[in-house]
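Trainee: Pulled these from TrEMBL:
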DOMAIN    B:7-169  domain 'Arginosuccinate synthase-like N-terminal'
BINDING   B:Ala11, B:Tyr12, B:Ser13, B:Gly14, B:Gly15, B:Leu16, B:Asp17, B:Thr18, B:Ser19, B:Ala38, B:Gly121  ATP binding site
BINDING   B:Tyr91, B:Ser96, B:Asn127, B:Arg131, B:Ser181, B:Ser190, B:Glu266, B:Tyr278  L-citrulline binding site
BINDING   B:Thr123, B:Asn127, B:Asp128  L-aspartate binding site
DOMAIN    B:180-396  domain 'Arginosuccinate synthase C-terminal'
There are 4 protein chains.
Amino acid sequence: MKNQIKKVVLAYSGGLDTSIILKWLQDEYKCEVLTFTADIGQGEELESAKKKALSLGIKEENIFIKDLREEFVRDYVFPMFRANAIYEGEYLLGTSIARPLIAKTQAQIAIQTGADAVSHGATGKGNDQVRFELGYLAFNPDLKIIAPWREWDLNSREKLLAYAKKHKIDISKKKGKSPYSMDANLLHISYEGLVLENPANPPEEDMWRWTKSPKNAPDESEIITLEFQKGDLIKINDKKLSASKLLEKLNELGAKHGIGRLDIVENRFVGMKSRGCYETPGGTILLKAHRAIESITLDKEATHLKDELMPKYAKLIYNGFWFSPERIMLQALIDESQKYVNGKVKLELYKGNVSVIGRESAKDSLFNAAYSTFEEDEVYNQKDAAGFIKLNALRLIIAGKNGRKF
Amino acid sequence: MKNQIKKVVLAYSGGLDTSIILKWLQDEYKCEVLTFTADIGQGEELESAKKKALSLGIKEENIFIKDLREEFVRDYVFPMFRANAIYEGEYLLGTSIARPLIAKTQAQIAIQTGADAVSHGATGKGNDQVRFELGYLAFNPDLKIIAPWREWDLNSREKLLAYAKKHKIDISKKKGKSPYSMDANLLHISYEGLVLENPANPPEEDMWRWTKSPKNAPDESEIITLEFQKGDLIKINDKKLSASKLLEKLNELGAKHGIGRLDIVENRFVGMKSRGCYETPGGTILLKAHRAIESITLDKEATHLKDELMPKYAKLIYNGFWFSPERIMLQALIDESQKYVNGKVKLELYKGNVSVIGRESAKDSLFNAAYSTFEEDEVYNQKDAAGFIKLNALRLIIAGKNGRKF
Amino acid sequence: MKNQIKKVVLAYSGGLDTSIILKWLQDEYKCEVLTFTADIGQGEELESAKKKALSLGIKEENIFIKDLREEFVRDYVFPMFRANAIYEGEYLLGTSIARPLIAKTQAQIAIQTGADAVSHGATGKGNDQVRFELGYLAFNPDLKIIAPWREWDLNSREKLLAYAKKHKIDISKKKGKSPYSMDANLLHISYEGLVLENPANPPEEDMWRWTKSPKNAPDESEIITLEFQKGDLIKINDKKLSASKLLEKLNELGAKHGIGRLDIVENRFVGMKSRGCYETPGGTILLKAHRAIESITLDKEATHLKDELMPKYAKLIYNGFWFSPERIMLQALIDESQKYVNGKVKLELYKGNVSVIGRESAKDSLFNAAYSTFEEDEVYNQKDAAGFIKLNALRLIIAGKNGRKF
Amino acid sequence: MKNQIKKVVLAYSGGLDTSIILKWLQDEYKCEVLTFTADIGQGEELESAKKKALSLGIKEENIFIKDLREEFVRDYVFPMFRANAIYEGEYLLGTSIARPLIAKTQAQIAIQTGADAVSHGATGKGNDQVRFELGYLAFNPDLKIIAPWREWDLNSREKLLAYAKKHKIDISKKKGKSPYSMDANLLHISYEGLVLENPANPPEEDMWRWTKSPKNAPDESEIITLEFQKGDLIKINDKKLSASKLLEKLNELGAKHGIGRLDIVENRFVGMKSRGCYETPGGTILLKAHRAIESITLDKEATHLKDELMPKYAKLIYNGFWFSPERIMLQALIDESQKYVNGKVKLELYKGNVSVIGRESAKDSLFNAAYSTFEEDEVYNQKDAAGFIKLNALRLIIAGKNGRKF
């Protein structure tokens, strides 16, 4: 393959690893390299990625920088939260949900620039390689994919640094850069490696970059109101903002109150278990609030059907199948359920806790106190319950009369 | 039916409502009434229930009092927690899981005493009537069931009090008795009614009877270690205790640290939405810890299969189908998965937060840092990932080549 | 309730039972009775139902007759077949799928005529009462429902006949009328009762009204071609017909070749088992053909997701929840999957057998012989399989190295 | 790897392909080759495989021949039929279910003989390579696997024959040998390739090796009785036989009456669609009969739970995950359901049709005609249905009153 590649689009962060990859692609594949840097809210300066690319000999017209923040939250994060998606009971899929958008945009740049290949900096043991590559192939099945970590022999920190030195790539560490392996975007930050490699170890307090520790969070709680329309957040404290601004605002609130830290061992798609720590301040609030607005507006069986399908939906996203017929089918089902999910949720934030303290929906609440209290109401005749129970029990009664024991 | 009943076993708490029922059964059905009071850790004196029954004319030999605490936790709570059961994303099923045991024991007393009927004090609009009656019928399909709330016309607080007065039943409120409609057992306390009937209202702080408010919980966190064997808790801080003692201890720890409060709107089996507040201090810790020990010991696909089936399992318990072929089938599947779920979890408790800060399993951990780091190891060849991804993508590639868009 | 009803719309077949009900409603409820007779292809003369109604004193303007055949097949049968719906592995839901349309139309007539009640002739132990009533209530939650079979004491054939006689309702049996309890529409005929009440008995040959016995079917097989568009049948043998005409044609072909007989014991929603025999000649062919066109055009995981959800979808229809949020959600998922389900299927019909003997899709086939033969092709590198298998096995390998046995 | 292998166990059929592999292993890997030939009812002489192996230089003590027929049916086929497993609505998994047993036995021989590797003749594009290798690795994660079809360059019929000629392997075709790519065992025969590579082509009549064509099957139908115990077949026509003998007998009956032919396009685990034809005469009868005995003995919700999980279970077997925690968990659930699945089913076999004409269970039938007829009975009060329907409709009524439309 090496001699056949003419032009490759690299997912480029401006960091050391992808800078080494950039150089390595030029050297090994002797091909033109284009860089693509997406702003999905990772909080790094895009300008410096551009300078770095220029310094590594990339032509200005070959440097692509895109602000994907609004698209990311509107078309990826929000649809996923309609499903209340959680992987393995805990993980809010912060990394997983960003990869398809990056892959799609990168594939589109490849198509538009006539590139025949794409490349990324994900390692050969992780989930991200799968998510990137499934995304590329779903968009352009003819793209060649270069995954340097699976190809080269720079398989240790030392070899990488030696390679960088040899090729005059700046290896000076950014001040304050985390020693952990991290991923960040508008939804979350993840941490892997170092002390985390032993799941018996707690994370170090100074690992966390975003949220306050619950212990250092304000002693006063804060009450906020979130408003939803068709299952999507549209206002915080009655203020309408764009999707990405809403999530930014939620993140700020969550981070301040020590909300959204998570420390888990998860099962990677490629088969092994891995330890990760996550900060998802806004997402943690959003999930709680979305469940709460659904609790008064969504039909019972719609709720249960969503709950039963959620693990499958979350797994698809985790495994990289965002762009797949089955995810799109499930999304159609989920979106269909959200048309009446309108209303407001009041939440109290306090030292790591998100508590729902009120929910209302002017038009779409299915809750009616008259129905649930034990007194009479217009729709419910208590005598009906006898027949309901009797027929629900019928098969058990027949089995019992037949001598079966439970 | 009224003239046919000879002997009825009443689920009797000693409180006002079931005392009225006791009287009403004597009057309306002219039959012998036996009382059954179970100790499932509700924290009320059983002795006073006995006295009350005697004072209402029940013969001593017709008063049945059973301590079911150990059986409750060992055979109901723990099996349920093996499944990580949560109803509608939030509720830990504290009331639901106690009803089948009460119903079964009550049905057994009926069989043993030759009673032809059973009776309970659950109202005609709630879930508990279903749970009780499905339990009775699964155990003895020939039992007649008297559900006074669905029969009588005492359908308001005033009428009830008038009836009590007329029949000289003591209506003096116990000091400190909650004005809310409550249910309590070793796993939880629930609250319904009053200010909660509007889901836009927050609960009042003094409603909560068990847990400290996170705001009043200790400023110092506390670290505890839970040990599991085959998915069940066996030790706290290296101390072996019986199942019920373990849960008591966990409750104490959780209550102290403000853990396990919940405020939700849920969908009742009988069809309407209802607002409830719950305290599940020990259960909240237990669920988190069980997930954590599974995270290092349970196979990936076993985890996912459990996650996909959990909502159905939880719904069965919520709806009262504990004694049903399908719950037993699911339990067989769940129990089969737990044989290697052995090990220890370290948790930090702090002002409403339960954080996992370590997990280990001497023999059964499937986690191995060597597998998940990006460096080489003995079982994983990074080049394998290319083939893995390619074949996982194959159907998408073929679809793409066929012109399909995602 | 009896004095409150002013106007009731009765689902009226013109047969003896609904004629008795008509009379009984007039007598018991002293209210105006409107009759509604739907043509869903049951093969009976609507004109005679009209005459009968007139003869029982119904005013001409109160007699509603609607030809629902096209709507039935287009909007109910075809959407259901997109899902390959089968209840309990066998039953093609012929009765179940017709009830919601009848109920909806009846409820609409009630709204339009200002009627305050509806009535039907389904018995109190069957599924149809549920299907009718859920349909009524989904369309108009304020309608009162009169289900005579659950109210009156005419609970035996003798009492019914006596009542008819007394009220001068013609009880002379139609010549050739089946002694079985039957339901018929464009999709099927069902039989219950008599000799079928013992599941150890085979049905009598002369019970079957529609299909030839395989033994008497032609000795020559017949080859037909069905064409599908977005999962729906659009042509038979290259001839375009309306939905109902297509099903009629398929029925004719199936009936001729002895196709679509079924004899089962099924589980009713109300809790007991019941024996039924069914003839679904066209539907049996359609299901086989739809599966076949999907086999070359539908993505693998889309197929599997549909297969996993199908039992739930079929159960919803069987239980009467066609008009429910969860059925509509599932339909959205199913319909999303069908956009490329285009092409032709060739089938051979012979003495009860439907055999697929060819399928093709000019534009949307995902089948490519080059991919599946063992030789090289453009999309598949056999070496990729090693990595694919290795990573799929990884968790098993790790478990094995940990000493676990399978 | 090539120099490291000392001893390899080859799954050896005695045919041309595995004979070439045998030679190739000796030449390429310079290692000792052991052959393993399993009798799973494929209907070929094992003696000739032995002779062939000897003639290729394998030492007698290195030739392993095992009769696995009874184990195959008892421990693999029957447990699978308890689940009513069908892949993609059609395929009875005849090849899939045999592979794990072969792989397990082969891995055991490797352990017992101190071999460090295993090898098989499955191609690099099929499902069988996955099934074999997952089986090997589940039993012995340290085994090395040699899959010649993925390694060598003999990737066409011509090259293979040239290689055989060069190494003096007998390439004379067996008289009557099928030109199709086939797999056979006690449960089925499969066919791939040639004219089948175009899914628009019907199979040729003389391709089928086992079953009569329905057209040539006897004009007289045959009635048989199957008896089940705990979900497994134990007697045919009241005659008790071992598991494998029962299946042999059923095959004979099915083959005679033209039962069990299937022509489908299926989705392979490795990602492409493939055309296959299958003959499963006994299995087709068994599935129908098992469903029938379940229809009178299995609880409704148990039936539905099994139906919902069946596609997942079938997919696991198809994909090669027989030895996996999740298959074992599902098996525990399925087996739990079968304890009352006892009784007899009467079937009529006629020209491709299997019709159930009677089912009975002396002790375990849950069917009772009294319950299902419209007349009164002891367990069912028709008035109960009103309450049952009303509460099932409640959420729809509330939604309707809230203005929602379905």
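Cβ from N, Cα, C; glycine included.
Nobody curates TrEMBL annotations by hand; they come from automatic prediction.
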Trainee: Return only the integer: C-alpha distance in Å from B:Asp17 (ATP binding site) to B:Thr123 (L-aspartate binding site).
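Mentor: Distance (Cα to Cα, whole Å): 11 Å.
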Trainee: Could you state the whole-number distance in Å separating the C-alpha atoms of B:Ala11 (ATP binding site) and B:Asp128 (L-aspartate binding site)?
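Mentor: Cα of B:Ala11 (ATP binding site) to Cα of B:Asp128 (L-aspartate binding site) measures 12 Å after rounding.
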Trainee: Can you give me the Cα-Cα distance between B:Thr123 (L-aspartate binding site) and B:Ser181 (L-citrulline binding site) in Å, rounded to a whole number?
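Mentor: So the Cα of B:Ser181 (L-citrulline binding site) lies 11 Å away from that of B:Thr123 (L-aspartate binding site).
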Trainee: Which entry in the list of binding-site residues, B:Gly15, B:Gly121, has its Cβ near the fewest other Cβ atoms, using 10 Å as the limit?
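Mentor: Ranked by other Cβ atoms within 10 Å, the binding-site residues B:Gly15, B:Gly121 bottom out at B:Gly15.
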Trainee: Take the binding-site residues B:Ser13, B:Thr123, B:Tyr278 and keep those with a Cβ under 8 Å from any chain A Cβ; what remains?
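Mentor: Only B:Thr123 pass the 8 Å Cβ test.
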Trainee: Of the binding-site residues listed here (B:Ser13, B:Gly15, B:Gly121, B:Asp128), which is spatially closest to B:Ser96 (L-citrulline binding site) when Cα positions are compared?
Mentor: B:Asp128
Trainee: Name the one residue among B:Ser19, B:Gly121, B:Asp128 whose Cα is closest in three-dimensional space to that of B:Tyr278 (L-citrulline binding site); these are the binding-site residues.
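Mentor: Ranked by Cα distance from B:Tyr278 (L-citrulline binding site), first place goes to B:Asp128.
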Trainee: Where does B:Gly121 (ATP binding site) sit by DSSP, helix, strand or coil?
Mentor: coil
Trainee: Please name which of the binding-site residues listed here, B:Tyr91, B:Asn127, B:Asp128, B:Arg131, B:Ser190, is nearest in space to B:Gly121 (ATP binding site), Cα against Cα.
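Mentor: Ranked by Cα distance from B:Gly121 (ATP binding site), first place goes to B:Asp128.
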Trainee: Where does the mean pLDDT land for the domain 'Arginosuccinate synthase-like N-terminal' (B:7-169)?
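Mentor: Across the domain 'Arginosuccinate synthase-like N-terminal' (B:7-169), the average pLDDT comes out at 95.
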Trainee: Select one residue from B:Ser13, B:Ser19, B:Ser96, B:Thr123, B:Asn127: among these binding-site residues, choose the one with the most other Cβ atoms within 10 Å of its Cβ.
Mentor: B:Ser96
Trainee: Are there residues of the same chain, six or more positions away from B:Arg131 (L-citrulline binding site), whose CB falls under 8 angstroms from its CB, and which are they?
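Mentor: The answer is B:Ser96, B:Arg99, B:Pro100, B:Ala103, B:Asn319, B:Gly320, B:Trp322.
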Trainee: Which chain-mates of B:Asp128 (L-aspartate binding site) that are at least 6 residues away have a CB under 8 A from its CB, listed by sequence?
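Mentor: Long-range Cβ contacts: B:Thr95, B:Arg99, B:His120, B:Ala122, B:Asp183.
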Trainee: Radius 10 Å, atoms counted are CB only; among the binding-site residues B:Tyr91, B:Tyr278, which position scores highest?
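Mentor: It comes out as B:Tyr278.
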Trainee: For the L-aspartate site given as B:Thr123, B:Asn127, B:Asp128, which other residues of the same chain have their Cβ within 8 Å of the site's Cβ centre?
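Mentor: Close Cβ neighbours, site residues excluded: B:Ala122, B:Lys125, B:Gly126, B:Gln129, B:Val130, B:Arg131, B:Arg268.
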Trainee: Enter the number of other CB atoms within 10 angstroms of the CB of B:Ser181 (L-citrulline binding site).
Mentor: 17
Trainee: What is the interatomic distance between the Cα atoms of B:Ser190 (L-citrulline binding site) and B:Ser19 (ATP binding site), given in whole Å?
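Mentor: Roughly 21 Å, rounded to the nearest whole number.
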Trainee: Sorry to bug you, but what's the C-alpha spacing from B:Ser181 (L-citrulline binding site) to B:Ser19 (ATP binding site), rounded to the closest Å?
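Mentor: B:Ser19 (ATP binding site) to B:Ser181 (L-citrulline binding site), Cα-Cα distance: 16 Å.
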